[in-house]
């Protein structure tokens, strides 16, 4: 269980010396590779490689099991969506209820076993399960439970013509949500080192159960959006597009009808939060699955600190964008589908608003990337499942918007007739791709930055190196800030640097190289503009992160609550055909919606780490 902690700790002086040797301008020569190996030095054993084979096999088997469950669930979802013979909604709900019940049994077993062995030391991944992430998933879980209560009320109102699984499913989903949030709060950071094969199957089952619940929520919400879109097309008189409504309203009366109507509308307004909850839970469980059997070093991740000082500009601009978004969404939903003139004016208003916001976000992202490039600081390349998953999700989910944008651009170029709003759609589609590309670069580089602060000992050892029998060159001690770091008067040198201190013999040459680089060589932190020196640089980056965070929440709101110009402009549907384009939008839109929420979460982490 303590495999990762069995290696003996190095003395502080030796560890500090190794840091200096790796990062400073001077270093003692390393031992020759041809030197004979000492008898005490460890020799790599083949048994270590063999021991990892069963773990890799268990990981492969568990992932294949999860994919089999996921594919089976997707086929059931597809069969219900296309009204396949012999497959009804009750069959799908029975399958999802069985998966949730199996996950509940596993979580209860894991929590019980952890409580029984709570005195044992357990390895933790300090990067996983951040407090703000658990707080977010708790908020979404509360709304998901409210959604379950509304579904129970809906079942009671239509109990005469609804099957029993439609009443059991929301109850089981609420219980599943409560226990899963409790489980993630207590065990999201665990690095499991016992019962690893069994735990792999349990965790991967939980991952794909949540993904299927996410797909079910996406399908229900997409059906509702599609029905509203078809009603708008009927109102606008599109006779060349098939507009058969795909309604699943129960074939009986609800009592009281007013309450049932309010519940029905409330359910679909809460679906976006349920969708975000399921995908967040699946990502946290996936990190837990990747951490099973993992060996970690003793490096501890620094705690994130939320500081609100100095971000007035970014917060004001972001809140202004958020207020403008809410106003645009309200006006859009009121005007779209009322008449042809009002629909076109609503589309033009949305495109102008989105173009302005995307241009500001792209400029902010470019400014942040430029600051990082000038600073030229090394990146942290250590293995981290949570960080790698964040980067992969940013790039992967952005492909949804890129697919829709390329479809819109192609439709504009190939269309025979171009309405007035078409020429606003073209720059909007281009800016969607460019802005996400820039934002991904900014976020990924930000989360891979090394910690900002270094201790005094390490900063000193970047300049000097402990060697035996060589004095310090006086010319080197006079060079700029080096003399102040090496031997300040009235201060004792760090323990690792006590004794003889040597510099490289060609210290004068290094001094000349530094002067040359300050004029025409590679950029260094000294070359930052004066207004970005010190704490000012952090304030600028924090303002950029705060602005982008609020803007991503702003851009999450329109598609999540029914403001989707990809549906309503009608141009792509004429070029590609109604059903092909609707399939593309229904497949890509959930990823686009999730991208905005995930980008907002990543930017919050970036803000706290700056």
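Every residue, even glycine, has its Cβ placed from backbone N, Cα and C.
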| message | If you look at how TrEMBL annotates this chain, which of 235-259, 310-334, 385-409 comes out as transmembrane segment? | response | 310-334
| Looking at 346-372, 427-453, which one does TrEMBL call transmembrane segment? | 346-372
| field | Given ranges 517-539, 540-562, the stretch to which TrEMBL attaches the annotation transmembrane segment | value | 540-562
| Matching range for TrEMBL feature annotation, transmembrane segment, among 65-86, 461-482, 483-504 | 65-86
| task | Count, for each of 92-111, 132-156, 197-215, 268-289, 346-372, the Cβ pairs lying under 8 Å from the transmembrane segment (574-595), and report the range with the highest count. | result | 268-289
| Candidates 65-86, 132-156, 168-185, 268-289, 540-562; stretch with most C-beta pairs under 8 Å toward the transmembrane segment (92-111) | 168-185
| Contacting positions for the transmembrane segment (65-86) when only residues 6+ beyond its ends and CB under 8 Å are counted | 92, 95-96, 99, 201, 204-205, 207-209, 211-212, 215-216, 219, 223
| task | Using a Cβ distance cut-off of under 8 Å, indicate which of 132-156, 168-185, 197-215, 346-372, 540-562 has the most pairs with the transmembrane segment (268-289). | result | 132-156
| field | Contact set, same chain, for the transmembrane segment (540-562): CB under 8 Å, 6 or more residues outside the stretch | value | 225, 228, 269, 272, 307, 310-311, 313-315, 317-319, 321-322, 324-326, 328-329, 332-333, 350, 354, 357, 360-361, 364-365, 367-368, 371, 439, 442, 446, 532, 589, 592-593, 596-597, 599-600, 603-604, 606-607, 610
| field | Beyond the flanks of the transmembrane segment (197-215) by 6 or more, those residues with Cβ under 8 Å of it | value | 54, 58-59, 61-63, 65-67, 69-70, 73-74, 77, 96, 99-100, 102-103, 106-107, 109-110, 173, 180, 275, 278-279, 281-282, 285-286, 288-289, 292
